Ligand code: SF4
Ligand code: SF4
Ligand code: SF4
């Protein structure tokens, strides 16, 4: 145990000597002519370009390779994702590469499911086995019996394989489990989804409002850099969360909100802003639709009412509203990330969008900027005919007309696999994700996995899901493989390049190679391009050379303005039916959803229960990095469970005690109680991604709780995305 | 190998407001120096203050070896393995370190630990080879908050001299840890 290195007392003593260094300033000798020695090429040292795969922000990085071993990863200074910086996870990629816990060869199950008995197989054996089983299932149940859950840079390798087989049931779970409701809510309001690289212009913002968007801990380097820049320049930061997070530490105004009442807070602010007529009239009059109806609609949501529901003093609500309006249009209310909370999140994001509309912050500095993308004639990895069957999960059906067919509803699809109630769903592929942790109900996922006759997982680690698989295909990590170049948009549009820094450390292959070989083994004649060939064609289409990308790793292709409205190049325009930003949503009306968002009360926990909240730590991604020894060392492998002092006292729980979460008789592994005053008494908070069962993650198995054992399993009626935060738990001392 | 350049005096500043406790610096340093197991050369302390009756606030305080001008760890080292270089860096010569561990408790900043893998005392070296190769220390390079500023305080054009001058001009709070001990640290804290 490392103890706290400098006690609070010492820190205070440190601050007591403020000004001491000011005195010593005068003693700086003013010598000139000392330029740093320039870097000399070292023997045995090479560099390789890549983008980070420790999370999904895709920071550009350069790997330093010394005598054939990756020694250090550093950010590419010119990459607009991260401008030379990497977070703790990014820096720990080296450990992942050489981790002895990695999957080292293909494995075929050789015992009961869940027994963990696998036999090592050659690639040929494993691929033939999967191909045969796949063809058998296809024969028996039809091609649509297959599903794929895929996340990460190689996701499309397996998605396209499943489409080639003939099934439409592919899911990119980040839609249903993270951003789906938000993107649909935003699309209904502005005609455009937010997208994964949230275009909030923190660095130029004068006022930033975040509702549980914990930018500092649920961290994406680029977004966080912008935020710190904005803070340093003096932006007024309003942070709303039932919990005082590290993002709250950077805020000027922190509001501890009663969990589940965010929409009441925003409606109260909207009411105030409209009543006082301090909104951006120019924008509202010129570029929005349905304001008068909206004004009438929100008249009942007074500040007094909002204060009662949210437990936030009226003065604070008013202050937040005024601060935003003073700063408008150089301000924003964050659209949110993982807005899969209460099962009515699309309407909540509609409220967020409407408040932003009142600011008129569209495509201006400090507000919502325009993501600068670019188009080029990208080659196809493989040509195939689209499957004809209907999706089993209902995405894009009459029930969910707005559900995107190209992303799917991971939660609904899993449910249908568990219940087998649409058509037989007997074959499942999993690429780079871990459904046992990612869904609303572990029970349901377990049932689904039991119902499959073939479960194939392509992974780099023995996840809980891999542990239950029939075949495990070990993938090379990002530092060992090529991938098709990617194009990304933030304030600039850019291309990123990945090349292996070292040969595969174990007997692994890249996703595209695996998919291509599987497809061939199944007897399909579709020709996959080799990734290097794909890249060559892409470079040709882009007019750049591989040499350039090998040197820089990133190429900025489009530098047009991300603020076309403010820069006077364009009038605000929106791809909605009215062509305006819509307070009153025509599409909602068309599909018989409420066209204007209202307050909906969420269920509350019983007296002896807590609302179960979960989220990220700055140094872990989803459930995929918890076993990394360098990252574990940062928190001494402890899994904290936050609980309010008064509630803890009543239960006899003291800070540091081991406690278990309990729900319907089910108990978690022990977690370490973190007894604090700065979480709402009605909630407990657990960092996401612990509680692994698999014996293949030797450092972390059995530690902490798995969130999916305790969340709610709801579906938003508009977007089809999940809702996790209506799970209620009890605690007991371990 | 990297003999000290007498014209230089290396120092670091943390712009405390910009630190977000992401711990990227800790892991970058671990990677660069292959620090074993649960040890790190730099740490971030989190202080939450004060009781619920007052306005909640939280600060993040990075720290590591202060490269003291009057370093107790150097004074107590019987083999002169720990030494102060002409460029300001307090370094440990692994060949001379006998692992007696006197230096570890002598450091009032708790900056040293025992490296079990190498059998020697260990701590921050300001990334000596890197800085003579023209690079920034690993923790500075990676810091997403740009909270860390490093350089030669003898050079008025260096980033750190500019940061300290800017802080003085704007009357920001600037301090070093435990000034009262007279160890003359070379890590500065800047807060607006
Ligand atoms: S990397 Fe920078 S921002 Fe992150 S903890 Fe270290 S000093 Fe603070
Ligand atoms: S901080 Fe500690 S280890 Fe570093 S020079 Fe000062 S006394 Fe020595
Ligand atoms: S200067 Fe180098 S050795 Fe010192 S803490 Fe930073 S990375 Fe580690």
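Note: Cβ is positioned from N, Cα and C throughout, glycine not excepted.
If you look up TrEMBL, you'll see B:10-39, B:56-87, B:88-117 marked as domain '4Fe-4S ferredoxin-type'.
Mean pLDDT of the predicted structure over the domain '4Fe-4S ferredoxin-type' (B:10-39): 96.
For the domain '4Fe-4S ferredoxin-type' (B:10-39), the DSSP-based tally of helix, strand and coil residues reads 13 helix, 6 strand, 11 coil. The helix, strand and coil residue counts that DSSP assigns across the domain '4Fe-4S ferredoxin-type' (B:56-87) are 5 helix, 10 strand, 17 coil.
Across the domain '4Fe-4S ferredoxin-type' (B:88-117), DSSP helix (H, G, I), strand (E, B) and coil residues number 4 helix, 6 strand, 20 coil.
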